[in-house]
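What TrEMBL says about this one:
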{"type": "BINDING", "residues": "A:GLN39, A:VAL40, A:ARG41, A:ASP42, A:LYS43, A:ASN72, A:SER111, A:LYS143", "note": "4-amino-2-methyl-5-(diphosphooxymethyl)pyrimidine binding site"}
{"type": "BINDING", "residues": "A:ASP73, A:ASP92", "note": "Mg(2+) binding site"}
{"type": "DOMAIN", "residues": "A:9-197", "note": "domain 'Thiamine phosphate synthase/TenI'"}
Number of protein chains: 2
Amino acid sequence: MRPPFDPTLYLVTDTELCSPRPVADVVRAAVAGGVTAVQVRDKHASRRDLLALTRAVRDALADRPDVPVVVNDAVDVALLAGADGVHVGQDDLPAVEVRALLGPDRLLGLSVESADDLATALRLPPGTVDVVGLSPVWATPTKPEAGPGLGLEAVGELVRTAHAGGLLAVAIGGIDAGRAAAAAATGVDGVCVVSAVCAAADPHAAAATLRAAISPAAAR
Amino acid sequence: MRPPFDPTLYLVTDTELCSPRPVADVVRAAVAGGVTAVQVRDKHASRRDLLALTRAVRDALADRPDVPVVVNDAVDVALLAGADGVHVGQDDLPAVEVRALLGPDRLLGLSVESADDLATALRLPPGTVDVVGLSPVWATPTKPEAGPGLGLEAVGELVRTAHAGGLLAVAIGGIDAGRAAAAAATGVDGVCVVSAVCAAADPHAAAATLRAAISPAAAR
């Protein structure tokens, strides 16, 4: 059984953008503001530091068991931290291998950057992947190597294909308060943000603004 | 139960130094020449590539089950590849955490760079660590950040302390054919080499020469 997973507003952490504030403090404020799921990502951290960071984020959300904490890439860290899942990209460990290590009780997300990537994901054994991260919607400064954006129309098509295959779909890349509504209107199950929250002077307010843009009724 | 582990001549791989030859080819030749244990190390590879590399090395040694294959740092990769163990440095996942993931049937090595590091390792629960890697004996171009060498006298003292605590000890850092005998004479259970084999034009011959320098009788 997977943990509850509401990806409506999915925060992916960036340690440098949060700095000098501890990532866990930014996460805590952002969750209070409306973030519904958290992915701990730090490609520059050692596994030792990433484990400490993930535990700090989990501790900061101890009173919010409804908000899952997922670890980017590092399966060993996710297992040790008791995280709710793992998110992998196309260059990380293959999804089938990650699922073998995770067992059936954790979430697994997979970044897909094209219709081909999604088709491959949909051919995986059922239950391997829970959610695909459509990436990038727009070009993004936090991941310049991701290239130009897919665009809203292509994202909408990928979402429909993912849903038809029984997968959740979230959108990531260049999403800020001004673009969140348009991203959400593609039909995705949630939007991911990095700098829009991590670089915000007030992460609580930034999350609340994003949440209101995505789901006006829920935020009222 | 741990797998058999004879670290007499312990090869730590370096993908760039092996290039353009596949690492697995170099490893196979080196084992034929006298290498007794292999650690797959590639700090620049993605986990996906490291997994493929580890499997290639294991496949290349399918007929040598007496030669254990250990993975540097990546516990998830070691588990997926069915490797014989993991080696971690002071900045990698803490040894106690790694042992928790590995279970009792795999080897765990830990780099120690000082008497303090060794004292900390000896305070770990019994059975956590199997072998300490005393590092670096001499300054080494493959790990310039490791600083100046410990020197032979200090290595000898650390070996005696490790043995008194029930741990195996290997020496690493700057060991080549000209220095292997002196390193072995400190009383270590084995010497680790990187460039002395990976950068050699003939890894089989290089391993044989090193082996003869370390244990003249065995190589006769």
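One-based numbering along the chain as shown.
Glycine is no exception: its Cβ is also placed from the backbone N, Cα and C atoms.
Please treat TrEMBL annotations as automatic predictions, because they have not gone through curation.
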Rounded mean pLDDT for the residues that make up the domain 'Thiamine phosphate synthase/TenI' (A:9-197): 96
Roughly how wide, in whole Å, is the group A:GLN39, A:VAL40, A:ARG41, A:ASP42, A:LYS43, A:ASN72, A:SER111, A:LYS143 that binds 4-amino-2-methyl-5-(diphosphooxymethyl)pyrimidine, by largest Cα to Cα distance? 16
Sites among the binding-site residues A:VAL40, A:ASP73, A:ASP92, A:LYS143 close to chain B [C-beta, under 8 Å]: A:ASP73, A:ASP92
Just to verify a number: CA distance, A:ARG41 (4-amino-2-methyl-5-(diphosphooxymethyl)pyrimidine binding site) to A:ASP73 (Mg(2+) binding site), in angstrom, no decimals. 8
Considering the binding-site residues A:ASP42, A:ASP73, which residue's Cβ sits among the greatest number of other Cβ atoms within 10 Å? A:ASP73
Under DSSP, is A:ASP42 (4-amino-2-methyl-5-(diphosphooxymethyl)pyrimidine binding site) helix, strand or coil? coil
Return only the integer: C-alpha distance in Å from A:ASP42 (4-amino-2-methyl-5-(diphosphooxymethyl)pyrimidine binding site) to A:ASP73 (Mg(2+) binding site). 9
Below 8 Å Cβ to Cβ and six or more residues apart, same chain only. Which residues does that give for A:VAL40 (4-amino-2-methyl-5-(diphosphooxymethyl)pyrimidine binding site)? A:THR13, A:VAL23, A:LEU50, A:LEU53, A:THR54, A:VAL57, A:VAL69, A:VAL70, A:VAL71, A:ASN72, A:ALA83
